[in-house]
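Engineer: Can you keep this structure in mind? I'll have questions shortly.
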Amino acid sequence: MAGLRVTEVDWQRLRNGTAHHTQEYPGSNLVVRRGQRFTFTLELNRPLESEETLIFTVETGPQASEALHTKAVFQTSELERGDTWMAVKEAQTENTTTFSLASPPNAVIGRYQLSARVSSRRKHSDRKLGEFVLLFNPWCPEDDVFLDSEEERQEYVLNDSGIIFRGVEKRIRAQGWNFGQFEEDILNICLSILDRTPSYQDDPATDVSHRHDPVYITRAVSAMVNSNNDRGVVQGQWQGKYGGGTSPLHWRGSVAILHKWFKGRFKPVKYGQCWVFAGVMCTVLRCLGIATRVVSNFNSAHDTDRNLSVDKYVDSFGRTLEDLTEDSMWNFHVWNESWFARRDLGPSYNGWQVLDATPQEESEGVFRCGPASVTAIREGDVHLAHDGPFVFAEVNADYITWLWNEDESRERVYSDTKKIGRCISTKAVGSDSRVDITSLYKYPEGSRKERQVYSKAVKKLFSVEASGRRARVRRGGGRGLWHDDLLEPATKPSITGKFKVLEPPVLGHDLKLALCLTSLTSRAQRVQVNLSGATILYTRRPVAEILHESHTVKLGPEEEKKIPIAISYSQYKEDLTEDKKILLAAMCLVTKGEKLLVEKDITLEDFITIKCAQPGSPREGLGPIQDHPLQERPTAAAGRLRQPPLPGHQGLCDHPRGHS
């Protein structure tokens, strides 16, 4: 009997692609998902005899081994087992035999080699049949990444475009983003990202063996999307200087970035900020089969000292003291959520997990963040892996203001402590609408439950000894915050204050505002008001002072008074940053030693006036004159195109202002 040989392999890409929701991946290689059968047909030089059995071998990564679960050897069987690789002979017609293979739902993902040999008394060497790529499977109930909603799988796994929300809390804007996970070479690049991690470089066989775990994969991708430790994909830049690269404001998708990184032999692409990191990470994880979405948090805290508060030190004019203030509050910050089970934490923490590729703080010595269970954040379980305290602070830190006196003493100033974590947003399933998901991260701001959770988080983070001594958190500058300071609010003053914009703030025009002060008591009182204003970066760090003045105001019982404020164009034009932002502050000192800080961020708008034809003219019916903020879009020639907000967004449109 002639030796059995394989003459041709038909991977049935169309059939398998449809069944595995992988038909959009380009190229000749078969792409399938784990925990699910796929079929292929072998053309043999002769019929397969009844006593002959094919033995298959699958292996992935270097030094593949059965001990590391990166190699499996198995023969055709009629029995179905879900915990191991298996093969079934589906049909045979003369020299043609069709087989189906299935991987376990926890198989390592990545590039696989498939080979086969005949089981007989004679020894045969394995014949390589070809390669295929195995991905995570959100359609498989036994897979840790299983998502039980077809609409959500279509949105968070298969949708190759989306919306990223940016701006400020009261003016949220939408930017389109092309994830492009099915574009040419993107799957290959995403797999190459895994092969560029320091863990893979140090011990490739062990690293590959961990690639069955979405926790491991997402944590690795979080580190690799930024370039801080590992020549990752994107280099961050927050100083407004983009020489030798592309401004973060000009990227409109992930594909060009990933192609540039890959073709440039893994040289980091310049430059990115938070929405760029999040857009690229969403592409990579969707490409690998993990349901992922982009999330924007407005008034996002950056808590550098892990005390769950943003501590701002100011002088008597409300100006931020940069040498003392280490924490910050960004106008907005963008990260990702991915959906998977947390076998390391328990089923209560399954579901959405926060991942952040923006290099802010190190996690176990590497710039990465997450995965942190959204449920754990909402419940204050900040002790759980990974990076719970940092994420909790981003959405629920208390914003605490300290007046730093000349004798280096400090006093707590009454201000809005609840401004952190507003309008947490993501794109709706099946539409470009904005969905507010703040309630997934925390209970209603200021509610009893929210305060209980905050207190719980603080107590978990700081150990309060049984002897009654208070735990202290040392800061880099030698200052300390007592545990009790974080739970005791500042004394509420007997006045309230707010800035009111009298005319729309438009670039090139003077600014006209008023500080409105209201007495809350039945007695007269005197208030010293120290006003300051500065142009700021998107980090809210000051660039140049443009306002510095003092007023004394006498308030009668329950009286309201307005202090007019005017800032001319000539005062701010030279020092305005690319973000066109100004920060105003009023430190209000009341007679009985009470102190109130009032702040307002102002974003100056560019406007274009579109004049439409009047009734009776040849272009009748085009509508009235309209003013729209100028928005940036790339063009092949000039690099920018101005256009009005996206339809259906009620003025939400791409806005390159604000910090992340």
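Every residue, even glycine, has its Cβ placed from backbone N, Cα and C.
Residues or ranges marked as active site by TrEMBL: Cys274, His333, Asp356. If you look up TrEMBL, you'll see Asn396, Asp398, Glu445, Glu450 marked as Ca(2+) binding site. Here TrEMBL flags 266-359 as domain 'Transglutaminase-like'. The region 'Disordered' annotation in TrEMBL covers 618-660.
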Engineer: In whole Å, note down how far the CA of Cys274 (active site) lies from the CA of Glu445 (Ca(2+) binding site).
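Structural biologist: Counting only the Cα atoms, the answer is 25 Å.
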Engineer: May I ask which of the active-site residues Cys274, His333, Asp356 is closest to Asp398 (Ca(2+) binding site) if we compare their C-alpha atoms?
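Structural biologist: Going through Cys274, His333, Asp356 one by one, the Cα closest to that of Asp398 (Ca(2+) binding site) is His333.
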Engineer: Of all the active-site residues given, namely Cys274, His333, Asp356, which is spatially nearest to Glu450 (Ca(2+) binding site) at the Cα level?
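Structural biologist: That would be His333, the closest of Cys274, His333, Asp356 to Glu450 (Ca(2+) binding site).
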Engineer: These are the recorded positions: Asp356, Asp398, Glu445, Glu450. Which one scores highest on other Cβ atoms within 10 Å?
Structural biologist: Asp356
Engineer: Compare the Cα of Asn396 (Ca(2+) binding site) against each of the active-site residues Cys274, His333, Asp356 and report the nearest.
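Structural biologist: That would be His333, nearest by Cα distance.
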Engineer: Rounded to a whole angstrom, what is the C-alpha distance between His333 (active site) and Cys274 (active site)?
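Structural biologist: Taking the Cα atoms only, His333 (active site) lies 6 Å from Cys274 (active site).
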Engineer: When DSSP states are grouped into helix, strand and coil, how many residues of the domain 'Transglutaminase-like' (266-359) land in each?
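Structural biologist: Secondary-structure breakdown of the domain 'Transglutaminase-like' (266-359): 18 helix, 41 strand, 35 coil.
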